[in-house]
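Taking it in order: structure first as structure tokens, then the write-up.
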Amino acid sequence: MGKYVVALDQGTTSSRAIIFDKEQNIVGVSQKEFTQIYPHEGWVEHNPLEIWSSQYGVLQEVLAKTNITADEISAIGITNQRETTIVWDKNTGEPVYNAIVWQCRRTAGIVDELKKDDEFAEYVKANTGLLLDAYFSGTKIKWILDNVEGAREKAEKGDLLFGTVDTWLVWKLTNGKVHVTDYTNASRTMLYNIKELRWDEKIINKLGIPTSMLPEVKNSSEVYGHTNLGGVGGVRVPISGMAGDQQCALFGQTCFEKGSAKNTYGTGCFLLMNTGEDMVLSKNGLVTTIAVGINDKIEYALEGSVFVGGAVIQWIRDELQFIHDAADSEYFAKKVEDNGGVYVVPAFVGLGAPYWDMYARGAIFGLTRGANRNHIIRAALESIAYQTNDLLTAMAEDAGCKLASLRVDGGASRNDLLMQFQADISNTQVLRPIITETTALGAAYLAGLAVGFWESKEEIATKWAVSKSYGPTFESAKREKLNKGWKNAVSRVKGWAE
């Protein structure tokens, strides 16, 4: 048994490789950003070959800079941006089109047509746990087949394969030998029946997707195949853990108990609550998804997705050029006592849960002559907490109880002003763990459990510990006034682009 597990964390803006030891210490990290492609308004793409080269590059780099040899690696786990859709030629290994990213809204028109069939929309929700939306993979595959020359003909001949990013990476790591996904990633395609645990023929046929394109669905923790680290003749290392980034974060936060929840503050924000073996269908705009599948035992989760979370700070930095570094946002936000009545609604690509409005667009409200750069920066930061609070409110109604506490992770969870405002506006205890790399840690856990590197979930759970706790300080009247202002702002951006 080797001394380490490697997590490959393929995110929306960068690829990372993180090495953990048995005590969950981070031994090494390598990261590489890659190109964001915006061909038209509302469209977002990545180059699948750049995803692969950046991910494989950081794997090689982290091993080199830590002087860890391949035979010291017990297993590789993969976590990935979900829903992002790649279609490639199985004979040449070449993608037929760029990866269509989860944020991309190009299939909104396809979704509108599908929504005209009320019975089908209800069927999708009841069987996939998802809502008909451009966010998920199904309509993205259809778009590629309908719009890339020769793609449909190739697909019908059985020459094309579909995969979310996890599937693509495993296929590349195994030199095209293994075409698989796991339960969690399958549950984000809008093609997978999460009750019966199978690809849903009714939905697949409605979208015109040949079943030969679809990967085999496996557990989130099992050996899928091996990769040669060090090239041909190198050490064969098992790839033995795989889950979507948000499910990995839930697992990495050791939210193993029914009712436990976490929020990840990344490019978007993603709130997940473990509902155990109960598949709870939301009445409040959330989606139902698979939390994890181990030994063919499925646990479900309620999920709310915010499309633009930390990305609003990138916008403040890159487009408005108010700050030089994302970390500066807290410094400038603290220069004013409050938002000065200013609200930023960052609906750049529509609104996710609980609104699900593909046609909403971003806006800044409440500007007066006294409003300055710092008010806008603060309002942008606060928008992340307001959107999360919308999810918490919906989740409490669906679950029938208020969350006692919220475990947090992701880059923006290190922002103390944001975390305190989250506790205040949500009237909830916010807990940041010592290890905030919970997404990568979850992938490492899943891989390690499959090969005996860690013995059990119980062993893992004992390692979770709080770094900082934030308690609510607002009076209820202040909280209600601020939330009312936010709701007013959101109401004005809905349907803007119709």
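Just so it is clear, glycine is given a Cβ too, placed from its N, Cα and C backbone atoms.
If you take the C-beta of ASN415 (ADP binding site) and look for same-chain residues 6 or more apart in sequence within under 8 angstroms, you find SER329, GLU330, LEU381. The ADP binding site feature in Swiss-Prot is assigned to THR12, ARG16, THR267, GLY310, GLY411, ASN415; the stated evidence is sequence analysis.
Summarising the annotation, Swiss-Prot assigns sn-glycerol 3-phosphate binding site to THR12, ARG82, GLU83, TYR135, ASP245. Counting only same-chain residues at least 6 apart in sequence, those with a Cβ under 8 Å from the Cβ of THR12 (ADP binding site) are GLN81, THR84, VAL101, TRP102, GLN103, GLY266, THR267.
Over all protein chains present, the Cβ of THR267 (ADP binding site) has 24 other Cβ atoms lying within 10 Å. According to Swiss-Prot, the feature ATP binding site maps to THR12, THR13, SER14, THR267, GLY310, GLN314, GLY411.
Residues or ranges marked as glycerol binding site in Swiss-Prot (evidence: sequence analysis): ARG82, GLU83, TYR135, ASP245, GLN246. According to DSSP, TYR135 (sn-glycerol 3-phosphate binding site) is assigned to coil rather than to any helix or strand.
Between the CA atoms of ASP245 (sn-glycerol 3-phosphate binding site) and ARG16 (ADP binding site) there is a gap of 12 Å, rounded to the nearest whole number. Taken residue by residue with DSSP, GLN246 (glycerol binding site) is part of a helix.
DSSP assigns SER14 (ATP binding site) to a strand. The Cβ neighbour count for GLY310 (ADP binding site), using a 10 Å radius and every protein chain shown, is 25.
The Cβ of ARG82 (sn-glycerol 3-phosphate binding site) has 26 other Cβ atoms within 10 Å, all protein chains considered. Cα-Cα distance from GLU83 (sn-glycerol 3-phosphate binding site) to GLY310 (ADP binding site): 19 Å (rounded to the nearest whole number).
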